[in-house]
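J.: Got a structure for you, questions after.
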Amino acid sequence: MNPARCRILAVGKVRRGWIQDGIDLYLKRLPGLTISELRDSNPDKEADAIRAALRPDETLIALMEQGDTLASVPFAQRLEQFGNQRLAFVIGGADGLTAELKAQAQWRLSLSPMTFPHELARLMLVEQLFRAQAIVQGSPYHRA
């Protein structure tokens with residue numbers, strides 16, 4: 001997994017300092033990974049902003065409650081299957097993603113069957129991306 005070929009498109013801002021501290025910690029460990037914040041609005045406007053922010057060469061990965069739920073090792077393996085493709089992980093706002101955007105996604109991913117605030121999902125995703133990199137590299141960070 002190459003963090004420089006990944007980015008996160010997230011609707012809304014992180015409002016809790018401790019969550020931002022955690023995100024920043026993992027971003028430092030994943031050089032090249034970026035997070036683009038999009039203004040929160042109604043779901044249709046958010047979907048338009050997401051589509052406008054997507055690059056033509058990016059693979060859209062939508063984070064959603066009904067997506068595939070994977071343990072960390074299969075998640076790392078799945079990311080490896082994407083090879084050198086550019087990946088855009090999309091985290092919707094409070095109302096989630098539109099049905100059209102979900103259908104457009106090449107992969108629909110769930111971090112858990114539980115629902116979390118979108119800012120916490122951001123922290124969980126960057127940690128899992130770091131863990132995936134550690135798994136692929138054989139780092140002791142992941143001790144399963």
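Residue 1 is the first one shown; counting continues down the chain.
Cβ coordinates come from backbone N, Cα and C, glycine included.
It should be emphasised that the depicted structure is a prediction, and the values quoted were computed from it without experimental measurement.
Swiss-Prot feature annotations, pasted as is:
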type: BINDING; residues: LEU63, GLY92, LEU111, SER112, PRO113, MET114, THR115, PHE116; note: S-adenosyl-L-methionine binding site
J.: Mind giving me a neighbour count for LEU111 (S-adenosyl-L-methionine binding site)? Other Cβ atoms within 10 Å of its Cβ, every protein chain shown.
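T.: Around LEU111 (S-adenosyl-L-methionine binding site), other Cβ atoms within 10 Å: 21.
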J.: Return the count of C-beta atoms lying within 10 angstroms of the C-beta of MET114 (S-adenosyl-L-methionine binding site), excluding that atom itself.
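T.: There are 7 such Cβ atoms around MET114 (S-adenosyl-L-methionine binding site).
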J.: Cβ atoms within 10 Å, counted per site: which of GLY92, PRO113 has the most, among these binding-site residues?
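T.: Of the binding-site residues GLY92, PRO113, the highest Cβ count within 10 Å belongs to GLY92.
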J.: What are the sequence-distant neighbours of PHE116 (S-adenosyl-L-methionine binding site), meaning same chain, six or more residues apart, C-beta distance under 8 angstroms?
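T.: Those within reach of PHE116 (S-adenosyl-L-methionine binding site), by Cβ under 8 Å and sequence separation of 6 or more, are MET124.
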J.: Among the binding-site residues LEU63, SER112, which residue has the fewest other Cβ atoms within 10 Å of its own Cβ?
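T.: Fewest other Cβ atoms within 10 Å, among the binding-site residues LEU63, SER112, is found for SER112.
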